[in-house]
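First the structure, in the form of structure tokens, and then the observations on it.
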Amino acid sequence: EWDRWLLMGLIGAAVGMLGFLTHQIIDCLIKLKWDLVANYLQVSKRSGTWRMGADVLICLSPGQDGKIHMTWLCALGSGLAMVVLSSGSVLFFCPAGSPFALPEIIGYLNGTSIQHLFNIKTFLGTFVSCVLAVASGLFCGPEGPMIHLGALLGCGLSQLQSDTLGLHLPIFTRFRNSADKRSFITAGAGAGIAAVFCAPIGGLLFTLEEVSSFWDIRLAWQTFFCCLTATFTTDLLSSSFHGFVYRGHFGFFEAEKRILFWVKNLLDMNVLAFVPTILLGMLGGLLGALFVSLNIKINKLRMQFFNSIPKSPLRKTSKLLETVLILVISCITLVANPGSGKNFLALDVGCILDFPCSSEWGSAAALLVENGKQGITYLFKRGTHEEFGYASLCTALAFYFILSCWTAGSSVASGLVIPMLYTGALYGRIIGLILVSIFGVQTNEYGAWIDPGLFAAIGAASFFSGVSRLTISLTVIMVS
């Protein structure tokens with residue numbers, strides 16, 4: 001069995017390198033977009049009211065406010081260019097890559113034959129669509145496409161043959177059968193989720209709960225080895241490179257950079273914390289059911305509308321225009337001018353915002369403008385009891401819930417994990433803020449559990465579980 005273990009290790013290393021490459025390209029595209037906007041604006045970055053991340057806010061003097069709308073159009077144009085390329089690569093280059101591919105992978109592992117699901121065109125189209133969709137500012141993440149890409153690598157490396165490329169290598173020929181092919185696809189899918197969340201055990205449990213239909217102890221150990229190799233490869237490369245620039249520290253795994261949602265200050269728990277935790281669990285189930293129901297209805301309407309268009313080119317063009325409309329509306333919801341005085345621009349993942357400083361609208365804008373991973377980290381942060389108010393959290397929750405639900409199922413390769421965690425973190429923090437309003441900010445050890453950041457993490461897990469129906473693997477991923 002040495003060749004099987006070797007192949008599992010190669011698949012894990014390949015998926016780990018792909019995960020590293022995906023994150024680096026997304027970060028570079030985001031930086032490029034906002035560098036262009038900053039150069040167009042020609043102002044220096046300074047700290048604002050909500051310093052959620054480094055160099056996020058730009059305060060403007062009254063004389064510079066006239067540039068806001070043109071700057072917003074510049075940012076919107078770069079986002080639209082990415083969305084058009086992202087949707088076009090799925091619709092016109094690899095239709096099998098639209099939009100999540102996880103249901104298709106589960107169907108394939110259950111015996112359903114799906115044409116072009118595991119070929120080189122689908123791999124390239126899904127990869128390009130994923131990085132562009134996430135960088136454009138849509139409310140989505142790279143997790144779903146990474147599962148598909150990991151399964152593609154598991155299939156390709158185990159078979160070592162391609163009809164598209166005319167490639168048929170005379171090695172590992174004994175694995176060219178249906179049973180072994182499905183085992184390697186299962187391991188590749190688990191490695192994909194493990195590389196995204198740096199959680200090898202979470203990747204293994206995810207394949208057990210969600211993906212695989214045929215399971216044994218041998219496949220479990222081999223899948224875990226594949227996930228472990230993928231996580232190690234991603235961490236090893238990330239320790240040395242940032243934005244494809246070598247920064248040294250090769251092999252030095254910093255906890256703050258390795259752990260996806262890093263929380264520095266841990267809290268002692270109290271038995272009383274289980275009361276709001278149960279409430280958050282029930283709320284997560286209800287909102288998760290609402291999210292799924294709403295998404296099903298949106299997709300039914302979407303299918304009815306597009307199926308009513310007789311010509312295929314016009315149908316594909318209409319699907320592309322839908323993704324453009326989603327991005328435009330996502331940006332328009334972030335633009336307002338509810339008052340006068342000194343304004344700020346939030347330059348980060350998202351759009352250009354125009355809000356009065358020190359306002360709830362500005363705080364909500366700062367929440368929505370952040371990319372998913374950074375925003376979740378800020379919501380999880382301990383000791384920030386008064387960082388965000390009710391109005392900002394509720395506004396961000398309404399926009400994020402509706403727009404992420406609409407984005408799911410559109411013609412871009414995108415994932416739902418980051419939006420689910422972000423949505424749950426928002427209402428979890430609202431519950432935490434209610435507790436702070438009732439009991440006040442507690443500084444003693446006995447009452448330190450009354451922290452909005454703690455309940456943001458619990459809320460994120462509850463909504464993720466309510467939508468996906470996952471329990472064990474989700475718990476492991478959240479604590480990894």
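In case you wondered, yes, glycine gets a Cβ from its N, Cα and C as well.
Unlike curated records, TrEMBL annotations are generated automatically.
What TrEMBL records for 6-26 (among others) is transmembrane segment. Only residues 6 or more beyond the boundaries of the transmembrane segment (6-26), in the same chain, are considered here, and those with a CB under 8 A from a CB of the stretch are 127, 130-131, 134-135, 142, 146, 149-150, 153-154, 157-158, 172, 175, 184, 187-188, 191-192, 195-196, 222-223, 225-234, 236-238, 241-244.
The transmembrane segment feature in TrEMBL is assigned to 72-98 (among others).
Summarising the annotation, TrEMBL assigns transmembrane segment to 118-140 (among others).
Sequence-distant neighbours of the transmembrane segment (184-206) (same chain, 6+ residues past either end, Cβ-Cβ under 8 Å): 7-8, 11-12, 15-16, 18-20, 105, 108-109, 118, 142-143, 146-155, 157-158, 175, 212, 219-220, 222-224, 226-231, 233-235, 258-260, 417, 470, 472-474, 476-477, 480. The transmembrane segment annotation in TrEMBL covers 184-206 (among others).
Residues annotated as transmembrane segment in TrEMBL: 271-296 (among others).
According to TrEMBL, the feature transmembrane segment maps to 317-336 (among others).
Here TrEMBL flags 388-408 (among others) as transmembrane segment.
Annotation comment: TrEMBL describes 420-441 (among others) as transmembrane segment. Proximity of distant same-chain residues to the transmembrane segment (420-441), defined by a Cβ-Cβ separation under 8 Å and at least 6 residues beyond the stretch ends, is recorded for 139, 261, 276, 279-280, 283-284, 287, 291, 367, 372, 375-376, 379-380, 385-386, 388-390, 393-394, 396-397, 400-401, 404, 447, 450-464, 467-468.
Under the heading transmembrane segment, TrEMBL lists 453-479 (among others).
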